Amino acid sequence: MYKKVKIIHVDMDCFFAAVEMRDNPALRDIPIAIGGSRERRGVISTANYPARKFGVRSAMPTGMALKLCPHLTLLPGRFDAYKEASNHIREIFSRYTSRIEPLSLDEAYLDVTDSVHCHGSATLIAQEIRQTIFNELQLTASAGVAPVKFLAKIASDMNKPNGQFVITPAEVPAFLQTLPLAKIPGVGKVSAAKLEAMGLRTCGDVQKCDLVMLLKRFGKFGRILWERSQGIDERDVNSERLRKSVGVERTMAEDIHHWSECEAIIERLYPELERRLAKVKPDLLIARQGVKLKFDDFQQTTQEHVWPRLNKADLIATARKTWDERRGGRGVRLVGLHVTLLDPQMERQLVLGL
């Protein structure tokens, strides 16, 4: 069923917080989080495991995190240090394969199908990479090994922290039978709730469904859901991959009809956009930022502004203009925010010009 492909997904454990604890051992056993401050509103980028015991999580508003853990130590973040560590980790990957697809500073896909290291064993390569990262950077990583990308990503989360999980081609069918649909990358809370209302909780449930029905109900997402439930993922590890945008969106359980509701959603989405952008672009330089609205008739519209840095006030103003001019009385079922990243060549020109 599967091509002889060996994919590893490596995911660093609470990466930003781990770098801080490594560089300041006094932080190691106390709850810490990166992002926000006690004086200003913000969002948690990463929390260490002592903080997670109190319920503190990534993308959580700082105020909520402090309510859960009043003695939480908040750190502003040192993105130069994180980028330096990320570059070192990527260099370690390159010792084993040239087929590396970075997803952010702290995770990447590796295709080790043709690697001669460790007698060609992807399991042993993953173990050796994790050990090398620890030996050279004193940081831990988790890894997943599988014949397709989405399963490798799911597997890397199975034995966190500092562990790995392997799904061989022969084990895929049994693994999928009981895999919750919410574990599939791209299946959010709203989609999972709709699927559960249809009696679909696991990939095994979807395997019994008619593809045409899923396409009618969910469109393109229905096909992806059906394919993933069958273990199908045709995407190759793309070492030329250049991330062009970062976005975040929310599909509402019920359509909204008032601007105040839309503005409140943007206020909640913005910190998550800020967090995601910081993971891939710590200096936060961008080319454009914009908004997306999807209406109750499934038509959608986007509007963008040229803007050098992420700016919430401009996003809200752009969304208000879009709401007033393009909604036409329709209900809104999805609100999204996104940024377009600078082309590397253009960015170099800007830096040289400073």
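A Cβ is built for glycine as well, from the same backbone N, Cα and C atoms used for every other residue.
Model, not experiment: these values are computed from the prediction.
Over in Swiss-Prot, the protein carries these features:
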DOMAIN    7-188  domain 'UmuC'
BINDING   D11, D106  Mg(2+) binding site
SITE      F16  site 'Substrate discrimination'
ACT_SITE  E107  active site
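Between the CA atoms of the residue listed as 'active site' and F16 (site 'Substrate discrimination') there is a gap of 12 Å. Set side by side, the recorded positions D11, D106, E107 differ in how many other CB atoms lie within 10 angstroms of their CB, and the most is found at D106.
It is 9 Å from the Cα atom of D106 (Mg(2+) binding site) to that of F16 (site 'Substrate discrimination').
Classification of E107 (active site) by DSSP places it within a strand. Restricting the average to the domain 'UmuC' (7-188) gives a pLDDT of 94.
Counting Cβ atoms from all protein chains shown, F16 (site 'Substrate discrimination') has 29 others lying within 10 Å of its own Cβ.
DSSP assigns F16 (site 'Substrate discrimination') to a helix.
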